Structure formats: C-alpha cells, structure tokens
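What TrEMBL says about this protein:
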DOMAIN    63-496  domain 'Major facilitator superfamily (MFS) profile'
TRANSMEM  58-76  transmembrane segment
TRANSMEM  96-117  transmembrane segment
TRANSMEM  129-148  transmembrane segment
TRANSMEM  154-176  transmembrane segment
TRANSMEM  188-210  transmembrane segment
TRANSMEM  216-237  transmembrane segment
TRANSMEM  307-330  transmembrane segment
TRANSMEM  345-366  transmembrane segment
TRANSMEM  373-395  transmembrane segment
TRANSMEM  407-428  transmembrane segment
TRANSMEM  440-460  transmembrane segment
TRANSMEM  466-487  transmembrane segment
Amino acid sequence: MVSEKPNVESAKADANMLEFQEDWNVDAELELMELQLAEADKIKPWLSIEIKFTKPEYFTWLLVGFASMGGLLSGLDQSLISGANVYMPEDLNLDSNQSSLVDSAMPLGAVGGALLLSPVNEWVGRRNAIMVACFLYTVGAALQAGAISFPMMIIGRLILGAGLGLEGGTVPVYVAECVTSNLRGRLVSLYQFNIALGEVLGYAVAAIFINVNAGWRYILGSSLIFSTIMWAGLVYLPESPRFLMHKGKTVEAYSIWKRIRDMNKMESKLEFFSMKRSAEEERIEESRAKGRMAWLDFFTVPRCRRAVVYANIMIFLGQFTGVNAILYYMSVLMNQIGFSKTHSVFMSLVGGGALLIGTIPALLWVDKTGRRFWAIVTLPGFFIGLLLVGFSYLIPVENLPAAEGVYITGLILYMGFFGSYACLTWVIPAEVYPTYLRSYGMTTSDAMLFLCAFVVTYNFTRMQEAMSRIGLTIGFYGGIAVLGWFYQILFMPETKDKTLEEIDIVFSQPTGQLVRQNLHNSVETMKDLAHFRFRKIAFGEESVKKEEGAEQA
C-alpha cells in the first residue's frame with residue numbers, strides 16, 4: 001500500500017543525470033561563471049545585506065528559520081480569534097451572523113491574498129513578497145486591536161487575511177527552492193511546525209489577557225510584534241536562486257547558490273547546472289508560446305494538469321476534515337461540552353499543544369518514510385479522533401467528566417494526526433509544479449486552502465444546526481477522511497529524495513500507469529504486513545538494503 005518500489009521514473013532520472021554529465025563540462029562551466037561573477041557588478045536585491053557563514057548549511061538553516069517564522073504568524077493569527085471570541089462579540093455588539101463573518105473574514109481575505117500571490121511573486125520575487133505580507137499583517141493587526149465597530153473589525157481581518165494568503169503560498173516555495181532534495185520535506189514541514197507553535201502561542205496569549213479589561217484588543221494586536229521581527233530578519237536574506245534563474249539572472253543566482261550550497265561537492269554543481277538547463281528549456285518553451293497565457297498549461301499540458309489536481313485535492317482533504325472550524329471555534333466548542341468560558345480558553349491549549357506535538361514526527365521522518373506513506377498512515381487518525389469527539393456529545397450532561405474526557409481524548413488524537421498530515425499540504429504544492437508555473441500553481445493551491453477554510457468556518461454554525469454536532473463531526477468530516485484515504489492509496493505518487501527537476505518526470509507519466517503501480521505496491525505492502533516487515537513498509541526496500549549494507553560493512 002505504501003512501500004516504495006524501484007520504478008521507471010527513477011531510472012529515467014538517473015539516465016538523464018548521466019547524459020547531463022556527459023553533455024556538460026561542469027568545471028569549465030563553473031570557471032566561466034566565476035569569471036562572469038568577478039566581472040559583473042554585484043546586483044543586490046532591494047534592502048539586501050549580504051551575510052556569510054563558514055558552512056553553507058548554517059546559512060540555509062538561518063534562511064529556513066526566518067522564512068518559516070511566517071508559519072508562526074499564520075498560526076498565531078488563526079488561534080488568537082478563538083480567545084477573542086469569548087468577549088469581543090459582546091463588546092462590539094455583534095450578532096451571531098456578524099460574529100461568524102468576523103471569524104471567517106480572515107480566510108476570505110486570504111483568498112484575495114492568494115490571488116495576489118502570482119503577480120507579486122513574479123514582479124518582486126519570493127523574498128520581497130514575504131516582506132509585503134509582513135506589512136499587511138502589521139496593518140491588519142493594528143486595525144483589529146483598535147476596532148470600534150463591525151466594519152472596522154472586518155477590514156482589519158480582511159487585510160490580515162491578505163497577508164496570510166500571500167505569505168502562506170510564498171514561504172513554502174521559497175524554502176523548497178533553496179534547500180537540498182534530501183531535506184526539502186523536513187524543512188518545508190518546519191513551516192507547519194511553526195504554524196502549530198504559533199497556534200499554541202496564540203492560545204497562551206489569549207489565556208494571559210482573557211481576564212484583562214478589553215483584553216481581546218491585546219490578544220488580537222499581539223501579532224504586531226512578530227510581524228515586525230520577521231520583516232527585520234528578511235532584510236538579511238537573499239532571493240531564491242531558482243526564481244533568479246527563472247528570470248534569466250544566472251550570475252546573481254550563482255552568487256546566492258554559493259552561499260547556500262557546498263560547491264566542493266559534485267552534486268551541488270550538477271544541481272545548479274541542471275537548474276540552469278531546466279530554466280533555459282522553460283524559457284524556450286515560453287518564447288514559442290509567446291502571446292499565450294502560461295497558466296493555460298494547467299488545462300492543456302498533462303504533466304501540469306496532474307500536478308494542479310493532485311496538489312489541490314491534498315489541500316481539500318486537509319481542510320474539509322474540519323480543522324479550521326475546530327481551531328477558530330475551539331473555545332466555543334469547549335464551552336459547549338461543559339467547560340466555563342475562562343476554562344475553555346485555557347483548555348484550548350490542549351488542542352494547540354497536540355497539533356504542535358503532531359508536527360514533530362513529520363519533521364523528523366517525512367523525508368525518510370516518504371510523502372505517500374505519511375499521508376496514508378495519518379489520515380485514519382483523523383477519523384478515530386472525530387469518532388471520539390462525536391461520541392462525546394452523546395454522553396449525558398450528568399456525566400460531565402466522562403464527556404469532557406472523551407472529547408479531550410478525541411481532540412488530542414485529531415489535532416495530533418492533523419499536525420503530521422498538514423505538513424504535506426505545504427510540502428506537496430511547493431514541490432510538484434514546474435518552475436515556470438510555480439507561482440501560478442501556488443496561487444491556485446493557496447486560494448484553494450483559504451477558500452476551503454472560509455467555507456468550512458463560515459458555515460460551521462449552520463452546518464452544526466442542520467446536521468447536528470454528531471452528524472457534522474462523524475458523518476461529514478469523518479466521511480471525507482475515509483474517501484480521502486482511498487484516493488491517496490490509488491492516486492498519490494511518491495516524490496521523496498527527488499530534485500524539483502526530477503519530479504517533472506514523475507508527473508509526466510500517465511495517471512493509469514501511476515494507479516497500476518500503486519495497486520501493485522499496495523499488494524506488496526499487504527504481503528509485507530503479513531510477514532511483519534514494518535521497516536520495509538515505512539522506509540522502502542532500497543533504504544532497508546542500504547542500512548543492512550552499512551551494518552555489514
């Protein structure tokens with residue numbers, strides 16, 4: 001079901017690399033690049049200050065760390081509203097419909113931010129797009145904190161959401177384009193870890209200010225501090241070398257590549273020239289199609305169509321299992337099950353903490369086990385958690401401790417497994433699109449994510465009334481989790497340990513061929529399960545053989 005088998009795509013990738021090495025004299029090309037770099041005036045991006053480390057990996061970690069702070073901001077702003085919801089609607093005299101619109105305005109604004117993603121990324125680049133997002137975060141947070149009416153709060157939430165949409169689609173791409181293939185899943189997953197960390201921090205901030213007079217203003221305004229820190233840190237980071245290569249700025253891309261890769265290693269040299277060749281081929285293709293809109297390739301080119309369908313179904317599965325409704329209304333849901341208003345805010349930390357802890361296994365193992373294994377193993381955990389949450393509503397109020405215990409257990413399971421799965425909803429869209437369509441692809445994925453979040457959040461109260469709490473939790477959210485599990489078994493490819501250029505080969509194969517391969521792998525996995533070969537299932541046959549060979553040596 002999930003074990004990775006040697007296939008024709010990896011063989012093709014190896015063959016292409018051998019051909020690449022024969023066609024290119026890498027050292028001669030590097031000498032030429034060094035000469036061009038020495039002769040050219042150093043063109044520095046806006047507000048860029050160059051810093052260097054003795055080891056390129058240190059700089060890569062700094063880059064990833066600061067860029068992934070966007071996840072901290074994203075999670076913080078998504079969870080702060082949960083605590084603010086306890087007293088803010090009463091202070092602003094909001095009815096239930098207005099309160100729902102305030103909660104859902106941020107994901108609605110994020111859809112707008114997602115639509116800005118492609119033009120802003122193409123015009124100013126990845127790094128500067130994140131800086132624009134930080135500015136929107138700051139303005140939105142200030143308007144929320146000072147809101148004196150429903151319209152002012154809505155405007156603040158929409159602007160904040162625009163920053164969320166722009167940043168949410170840019171940071172994973174920026175990280176994926178800068179890190180090595182063997183660490184890409186792990187380091188892009190760091191973004192989801194920071195989202196979870198931000199959500200816990202948001203619940204903690206809410207708990208600190210919940211009993212302060214007009215404390216919701218401090219709660220909603222607290223993200224100003226983090227957006228300012230992130231903006232200042234971005235000043236020291238470079239542009240994505242793949243974006244610069246995409247724009248034809250080869251020398252500038254090379255100068256940054258030297259800062260984030262060890263150029264004494266042949267694989268770093270080959271990856272640079274593979275990236276260069278891929279960018280040149282894409283520019284030739286674009287020149288042939290001059291006058292035609294590039295995004296039309298999502299409809300006309302099978303490789304691109306498969307990528308956009310695959311990435312967006314993954315996002316749909318993550319959102320329509322109800323996570324944002326639970327996050328935004330966590331304090332309200334806690335209150336429904338029997339906790340007091342104040343205790344419900346404090347107990348929200350439990351759900352946020354489970355989400356944070358759940359991201360840690362993905363951070364450690366997603367590059368070892370692969371995306372496919374991780375998705376298939378974690379999605380059933382959603383369903384188990386949702387079952388327990390739904391059943392907790394059946395326990396009579398007279399037995400309140402039991403109802404609270406079952407609810408909290410289900411919440412911990414649900415949020416923990418979602419934390420692991422959610423990493424994939426950032427990793428996969430960031431890596432599956434071809435470079436020349438990556439901005440457009442992330443626009444669709446980012447818009448899809450926040451549109452789904454808006455639909456789920458805005459309609460949560462109505463759906464709960466129409467379906468009942470049990471029907472919504474188990475029937476709707478749980479049902480989608482079950483359908484998604486079967487989809488992933490049949491249609492999900494594996495992109496572990498592949499460069500962004502090699503992933504092109506994976507998505508160039510027909511869908512029928514992928515389904516046959518996945519069905520064959522599923523049969524083999526069932527045999528492995530019957531013989532208790534758990535390491536082979538988790539890490540793949542090749543990884544197990546490598547480990548055994550290393551032990552024998």
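Every residue, even glycine, has its Cβ placed from backbone N, Cα and C.
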Recorded stretches the transmembrane segment (345-366) and the transmembrane segment (188-210) touching, at least 3 CB pairs under 8 Å: yes
In contact by Cβ distance (the transmembrane segment (58-76), the transmembrane segment (466-487); 3 or more pairs under 8 Å): no
Contact between the transmembrane segment (373-395) and the transmembrane segment (407-428) (3 or more Cβ pairs under 8 Å, separation 6+): yes
Segment confidence, the domain 'Major facilitator superfamily (MFS) profile' (63-496), expressed as mean pLDDT: 84
